[in-house]
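Heads up: the structure comes next, in structure tokens.
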Amino acid sequence: MKMSKSTNPDLEAERKKCTFNTLELTHLLDGGAQRTEERHSRESFFLEDPELQSKVPLEYLSHKEKYEEAVRKACIIFRKVQELQSQGRGGMDNFREILGGQLGSAILKDGNPLTLHYVMFIPTLMGQGTIEQQAEWIQKAWNCDIIGTYAQTELGHGTFIRGLETTATYDASKEEFVLHSPTLTSYKWWPGGLGHSANYAVVLAQLYTKGKCYGIHPFIVQLRDEETHEPLSGIKIGEIGCKLGMNSTNNGYLGFDRVRIPRTNMLMKNSQVLSDGTYVKSPSSKLTYGTMIFVRVVIVQDAAHYLRKAVTIATRYSAVRHQSQIKPDQPEPQIIDFVSQQYKLFPHIATYFAFQYSGTWLWDVYNNVTSELEAGQLESLPELHAVACCLKAVSSADAAQGVEICRLACGGHGYMTSSNLPSTYGLVTAMCTYEGENTVLFLQTARFLVKSWQNRNNLQKFTTVRYLGNDLNRNRPFERSVEWIIYALQQTAARKIELASRHINERMSKGKAYEDAWNETSIELVAAAEAHCRSFIVETFYNTVNNLNVSKELKVVLVQLLNLYGVYTALRLTGDLLRFTTITGNDIETLQAWLEELLALIRPNAIGIVDSFDIRDEVLGSTLGAFDGNVYERLFEEASKSPLNSEPVNKSFKLYLKPFLKANL
């Protein structure tokens, strides 16, 4: 997007109000000044490459053209990633930013058809392949000699993995597995890049050997010829069609008609099938969780980044836009001066920080637990799995809601695709269903919580649920503090978990099977898991801010954001607080007044905070959120790019309008 020469005076004035050093916050969020410098270098390396520029705005391309342009760019991107690797600069940050971070979505605005190659295919080879299998496959994958995807979800089954219908039947006479899709609903459906991009896949299928089914296992399957890219015999493959967003991702379908693969193409780090068909069981069924948890960790971080983009766009626009009048004898104010507008924006700025810090906690714990798994230690895995599930659910749902609120906060202009808010919503709302539908994930967290409640006197090893060991009859008097809010949220979560557990037991005492009792209590269980997660997010935000070594000026702002997120969360749950704590109506009025005070305190620094996110205009991709604030000039410039404006009279006038008008004379 072409930069304007001058900056909007309203934005200039806002930046002069800032009370802290924005660069200090930028460095804090990046992880240090060196990391900021590395990010700037990475952004320049990709964004300033003329080959990665599009000649025509994405929205004016056909579905087929969007995919072809995405493949073109994806190949350039990965060539450049390989170039960085050859220079010794191929760290995890490069892959995160290009594959799922804000840089990748800036270049490929509607999805990357090759993302799953790095995000799922290679990690699965590394996590579930033997040393010999890794030696055979990983170098090919890293070099992009082959392009892979991850085929798990089917037309008839998604989150319920045990219900998958694709079969892999072992033929001991030939030492081969025979993959087959016995029904239409057994076709793989949704894997990114599967439609026309990948030539290999890790396929999840029901393993049969010696006449017995041993459940879901991963298999490496070649889908297309490595030279011609034609589908191999027995492979039925294609793209699933248009979606709300991510239409360049090339989500595909895949069916098998008795396709044979070598026995050694079963990934056997954990479970094995010997040449005679003997099945060797994994020491633990939980050893395969690693890849799944990794993706959910990434989703939490991506949800935070999408929300960050949206609040940057909406906050800058709100500082530039003048509308209505607060007092009839005064000029139209900036809409950011309306408290109702501040309420739409500032809590979501605070939410970004909450998700950023929770995501960092999750990433650190994931890496620690992964090291423990390699050493055969599984004790911490249930807690990590439970936190990853509920954090993925809360962060994706809240980010999707936050992006939509930001779009609405920009009025009609937010509906323009050039605002980048509609496409951002399309990307973030997809997170609510992929890699685990959110309700199902809450229920998985609830299983851990119910077990923890049953063992609440022995929770030393699980840090996130230690509060369940507290005396629930110990009432802490209300005070206007985040510490009290954390107590109240934990009290609420504990009470909800206690009630759900009790109601399961009551239903069982009346003759219900445990599974039926669980299902009939599922509404309460979901609510308990969500309450637990929200208390965890506030507490993690609180612990992080308290341990930061930053300037006094920045600490004041971060504490204000922490307080705002805490009170905003509490006020969203007033019914629960009234039900499970000693809070009163007057106390809630105190919380509401505190929230309004916090909005006023954050107001002078709002632009400074979003500026600190240091998002380049090319990454924002928004007419409304550019750094210079020249909204109206950019809107008009983008409108001029419409193909309909290339000629004063469209041919439809002569073909249809003119005959129609004459016929009605």
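Here the Cβ of each residue, glycine as well, is placed from N, Cα and C on the backbone.
Record features (TrEMBL):
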type     : residues       : note
ACT_SITE : Glu435         : active site, proton acceptor
BINDING  : Thr153, Gly192 : FAD binding site
DOMAIN   : 21-147         : domain 'Acyl-coenzyme A oxidase N-terminal'
DOMAIN   : 289-450        : domain 'Acyl-CoA oxidase C-alpha1'
DOMAIN   : 483-662        : domain 'Acyl-CoA oxidase C-terminal'
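Feature annotations (TrEMBL) mapped to structure.
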residue	record	contacts (Cβ under 8 Å, 6+ apart)
Thr153	FAD binding site	Lys188, Trp189, Trp190, Pro191
Gly192	FAD binding site	Gly111, Asn112, Pro113, Thr115, Leu116, Thr149, Met246, Thr249, Asn250, Asn251
Glu435	active site, proton acceptor	Met292, Val295, Arg296, Ile299, Lys392
Within the domain 'Acyl-coenzyme A oxidase N-terminal' (21-147), residues counted as helix, strand or coil by DSSP: 94 helix, 0 strand, 33 coil
